[in-house]
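In what follows, a structure is listed as structure tokens, so that the remarks can point back to it.
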Amino acid sequence: MHIINKLKLNCSILPILVFIAISIVIFTLFRAGLVIWKFSDCQDSLGHIFFYGLRYDISINCSMFAPIFLISLLCAFAGKTPRAIVVLQKYYLPVVVSIQLFVELTTIPFILEYGVRPNRLYIEYLIYPKEVMSMLLNGHIVESIVCVLLTAVGFYFLFKLSSKLHEGYTNVSRKLNALIFLVTMILVPLGLRGTLTHKPLNPSNASFSNTPLVNTIPPNSSFTAFYAIRHMNIDEVNRSQIYSFDTVENVLNNLKYLSTRELPEVTDDKCPINQVITPTYRQDKKRNVVIILEESLGARYVESLGGEPVSPNLEKLKEEGWWFERMYATGHRSVRGIEAVTASFPSGPLASQVKLDHPNGLTTIANVYAKLGYSTSFIYGGESHFDGMRTYFFNNGVQEIIEQKDYDNPQYVASWGVSDEDLFKKANEFFVNKSKNDEPFCSLVFTSSFHDPFDIPEGKVKLPESVKTDDPKRLSAAMYADYALGKFFETAKKEDYYKDTVFIVIADHDSRVRGTDTFPFTNFSIPALIISPDVKPVKDKRVVSQIDIFPTLLSLTGVSGEFPIVGQDLTKDEITQRAIIAYNEIFGYYNGKTLTLLEPSRLREYPVLELNALGAPVKREGNDYSKEISYLNTAITIFEKDYGSIKCVKHLEQNK
């Protein structure tokens, strides 16, 4: 501490500059750690990484320290800084750097789970402290304690330093202070923007690699987290502005290439995406609809899809129905799966439709079947408010929601709600009661046992000896989810409603989608199965998407009419084989042969090999990616123009 007095660092803005320097050192050390980890992918770009890293570090520090900077300088004009301001500054500096340290420390487990630095997902989880605390305490207690302890130790030493820096705190002369103020007014805004171009610095500026994780090395985690906050709070739709826009006319014209759809004879300008559903099946009695959305159960947990042998019940069930071998999720979050399955909504740069407002109501499965006289419901083992699900479902046709508080004496309660066994038991009882009242029902059942921290009832499952893994807890949870599913179907088959019901089993997304390779395309392959009294067992090898479930369901249950949905009826032989996906800020389009990736700063295309592995990048002849750009803008266009409104549904009939 003697050096502080010797260098007179307890003067004017010098304490602030000292803490900014400490902040940059912390960011640089963590950045260096990531470089060492991924050295083979970034050894040729070290200068790029650390140069851009410094720009990001300066930018976030200009943002976080600017308030105390200005307060300190303005007070200095009065001659002597008030004691209260000195005390404020003494606490403010270590608190800010401690927050930065904490975010960097939590980056490590976040990367291990999601493959990128803290982003929008990191912030969204903070909105639900109860669920997050339960998850951390039950599955990540060691990491949590380490992060908190290291942050506490860091704060202790930072506060001691700050206290020493503010002992005998003095100001410089007014003339020198005026000069410092002038320089600050010039440099801080420039540092904050991080660039002289027309758009301020953002995480994509430093992208240089084909690997998403490597591209997140230059920005510090405080920058990426604050960037996510800023783009959440201003306007959910503004995220789309970092991509290439396309005209509404082009988007609508190219929609015919996205899906094979029957178009109405007359196009309504207010409902230009409408398609005609002419059902392949018709019944004398209305079929019930049960959609089971399996949390995180990606293809890598299904042996016949190239995964681990931990889903034996699903493997048996697939022999009884319509099994999709090349079904793809639209995203890596549950809300993406929900919007795709329930509303045939494609992924894109927007936030999920589950989180956005739809004043006129969205065309969803629940909204349509409610109009047909069905009882509609959402059955969940956790709290339905999470991720805005409760509002989304109630606003869009769901009449009843069953959630954690509605379970009497569940056998097991985990971090995210009751066990899947409890969930399916409740669902079966609910369906039996509806059936006794001769009331057709349409229900979405959303599981939760296969969710981090993967706490499940003991003694229910045992991993096969052939499974070798360093993550047995995750695989055991996957196997338990399959066990509960098998138990449900075993029970349901004994009930009267079973013979009159169309069951759809589909994953919302894969577990632990991480961009440590070129692009985690293998993690978008998911299982999907339809069991219906009208459908013969078949294995479908076509490339299809979650957005195709809605129109296919309409066709299976004899529903006809015009619907503003972009998916296609898979009961038809002629379809467009494709999948649309979104991963953080990357939009992907897979045509069955190649995967095109659109990012804010570039465009790439890869051949897709066996088991969804990616080959070396290729260049398209003519370099024409206009269709893919239109597909990217499809979600934006539908939302902003309200083309998916329930008001666009026309000529709705069933079994006629």
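Glycine is treated like the rest: Cβ placed from N, Cα and C.
Within Glu262, Glu265, Glu295, Glu303, the residue that TrEMBL lists together with Asp508, His509 for binding Mn(2+) is Glu295. Of the two recorded stretches, the transmembrane segment (91-112) lies close to the transmembrane segment (12-38), with three or more CB pairs under 8 Å once pairs fewer than 6 apart in sequence are set aside. The Mn(2+) site is set by Glu295, Asp508, His509; from the centre of their CB atoms, other residues of the chain with a CB within 8 Å are Leu293, Glu294, Ser296, Leu297, Ala329, Arg333, Ser334, Gly337, Ala507, Asp510, Ser511. Against the transmembrane segment (178-196), stretch 58-79 has more CB pairs under 8 A than any other of 12-38, 58-79, 132-158.
The secondary structure of Glu295 (Mn(2+) binding site), as reduced to three states from DSSP, is coil rather than helix or strand. Using CA atoms as reference points, the recorded positions Glu295, Ser334, Asp508, His509 were checked against His451 (substrate binding site), and the closest is Glu295. Same-chain residues at least 6 positions away in sequence with a Cβ under 8 Å from that of His509 (Mn(2+) binding site) are, in sequence order, Ser296, Gly298, Ala329, Gly331, His332, Arg333, Ser334, Arg336, Gly337, Phe524, Ile526. For the transmembrane segment (12-38), the residues of the chain that approach it from at least six positions outside its boundaries are 46, 49-50, 53-54, 56-58, 61, 65, 68-69, 72-73, 76, 89, 93-94, 96-97, 100-101, 104, 107, 158, 161-162, 165-166, 169-172, 176-177, 180, 184, 211, 213-214, 217-218, 220-222, judged by C-beta separation under 8 angstroms.
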